[in-house]
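Undergrad: Not my notes, these are from Swiss-Prot:
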{"type": "BINDING", "residues": "154-275", "note": "3',5'-cyclic AMP 1 binding site"}
{"type": "BINDING", "residues": "276-418", "note": "3',5'-cyclic AMP 2 binding site"}
{"type": "COMPBIAS", "residues": "45-57", "note": "compositional bias 'Basic and acidic residues'"}
{"type": "COMPBIAS", "residues": "86-96", "note": "compositional bias 'Acidic residues'"}
{"type": "MOD_RES", "residues": "T69", "note": "phosphothreonine"}
{"type": "MOD_RES", "residues": "S83", "note": "phosphoserine"}
{"type": "MOD_RES", "residues": "S85", "note": "phosphoserine"}
{"type": "MOD_RES", "residues": "S114", "note": "phosphoserine"}
{"type": "REGION", "residues": "2-153", "note": "region 'Dimerization and phosphorylation'"}
{"type": "REGION", "residues": "45-98", "note": "region 'Disordered'"}
Amino acid sequence: MSIEIPAGLTELLQGFTVEVLRHQPADLLEFALQHFTRLQEENERKGTARFGHEGRTWGDAGAAGGGGTPSKGVNFAEEPRHSDSENGEEEEEEAADAGAFNAPVINRFTRRASVCAEAYNPDEEEDDAESRIIHPKTDDQRNRLQEACKDILLFKNLDPEQMSQVLDAMFEKLVKEGEHVIDQGDDGDNFYVIDRGTFDIYVKCDGVGRCVGNYDNRGSFGELALMYNTPRAATITATSPGALWGLDRVTFRRIIVKNNAKKRKMYESFIESLPFLKSLEVSERLKVVDVIGTKVYNDGEQIIAQGDSADSFFIVESGEVKITMKRKGKSEVEENGAVEIARCSRGQYFGELALVTNKPRAASAHAIGTVKCLAMDVQAFERLLGPCMEIMKRNIATYEEQLVALFGTNMDIVEPTA
């Protein structure tokens, strides 16, 4: 089936997508409201409604980076133009120094060609419908690939097994000076991560090609065309011999899109099963799913330390966590001076006490065996778990009873300390 894409829609969504990838907002709806309100205000000030114009950053060019700085990354020409790096999240720090990159005005009167591509529903695909693709690599190649991928935002939320599948599936592509890696208007076939080399970004405007930026030994491009079935928005040309790591379209969508969809669905079910979150509305629980991250700890690894400032709240997804506490000024029975006061298993949570009382951590937590936890930062905790706060505060009485039984005192876990 061929679907006619309204003029300007692709550019609008691409610009919004990159803004989300750059800023990682905890509240996506609020961020979208602010983003599109800003666009509308900019258009009103200019006296025209150019919905294809994203006034601060260009989605296919990634975050503006370099801007004349000698650091490696993506650099954009002073005159803003349309480009196709489609990513560049890893250049976000450079973007803060270089300033925002202004996007070009898209001609909304030019009719957009229809886009016909396969539909992809991650829920309909069987788990093993596709055989796993493995491109053998030497230890040196794998190390270089891991280094090149470590700051790519698309891979940030993949667990170790998923990341291993991505690394296995990626293939090395050597390029010569002057070679076109992708061409504007072509269908997207691969996602690319730069290992080494310099590349220019060219965009045709009114039939004339212009260089709008470049990559210097770092960066990635090509994911938006794969995610949204849109043609390439620019041409990427090698300006020196170099090497890229490629990930094919099918593997990209299967691993990145499908696994993210599966993980969201799994976390939705898990969050819904937690009794202390029952007081949240469905929409509030979905917001929790959006902001939680996964952390894996090895046997004996410390998760939180007594006395540290609180920055996260944890829910045990799998494994067991030991909670220990040191009595003030007195060594207890264990060699490390701490006594075990509780254990947490799947569905139980810890780390909330310091967030509720605004005090340093009252206890330490260590992994028993391999432990996987869902973690939520303090800002999201305060914003999203307000309805659950009374339940958590009621637990303080239970904690105090445990401490009195163990130490003969409640350890002042509630009263403010200096």
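Backbone N, Cα and C define each Cβ position, glycine as well.
On a predicted model such as this, the values are computed, not experimentally measured, just so you know.
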Undergrad: Would you say which of the binding-site residues M170, D186, T294 has the most Cβ atoms within 10 Å of its own Cβ?
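TA: Result of the Cβ crowding comparison: M170.
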Undergrad: Please compute the mean pLDDT of the model over the region 'Dimerization and phosphorylation' (2-153).
TA: 58
Undergrad: Determine, from DSSP, whether R218 (3',5'-cyclic AMP 1 binding site) sits in helix, strand or coil.
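TA: In three-state terms, R218 (3',5'-cyclic AMP 1 binding site) counts as coil.
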Undergrad: Whole-number Å distance between the CA of F276 (3',5'-cyclic AMP 2 binding site) and the CA of Y202 (3',5'-cyclic AMP 1 binding site)?
TA: 54
Undergrad: For M266 (3',5'-cyclic AMP 1 binding site), which of the binding-site residues Q348, H366, L384 has the nearest Cα in space?
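TA: Among Q348, H366, L384, Q348.
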Undergrad: Counting other CB atoms within 10 A of each CB, which of the binding-site residues L154, V250, M266 comes out lowest?
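TA: Counting other Cβ atoms within 10 Å of each of the binding-site residues L154, V250, M266 gives the minimum at M266.
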Undergrad: Helix, strand or coil at L384 (3',5'-cyclic AMP 2 binding site), per DSSP?
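TA: Assignment for L384 (3',5'-cyclic AMP 2 binding site) reads helix.
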Undergrad: Across all protein chains in the structure, which of the binding-site residues S312, Q348 has the highest Cβ count within 10 Å?
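TA: Counting Cβ neighbours within 10 Å, the top one is S312.
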Undergrad: Sort F276 (3',5'-cyclic AMP 2 binding site) into helix, strand or coil using the DSSP assignment.
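TA: SS state of F276 (3',5'-cyclic AMP 2 binding site) = helix.
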Undergrad: Could you say whether, by DSSP, V250 (3',5'-cyclic AMP 1 binding site) belongs to a helix, a strand or a coil region?
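TA: In three-state terms, V250 (3',5'-cyclic AMP 1 binding site) counts as helix.
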Undergrad: If you count Cβ atoms within 10 Å of the Cβ of A234 (3',5'-cyclic AMP 1 binding site), leaving out that atom itself, what do you get?
TA: 28
Undergrad: Whole-number answer please: how many Å between the C-alpha atoms of H366 (3',5'-cyclic AMP 2 binding site) and A234 (3',5'-cyclic AMP 1 binding site)?
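TA: Rounded to the nearest whole number, the Cα-Cα distance is 50 Å.
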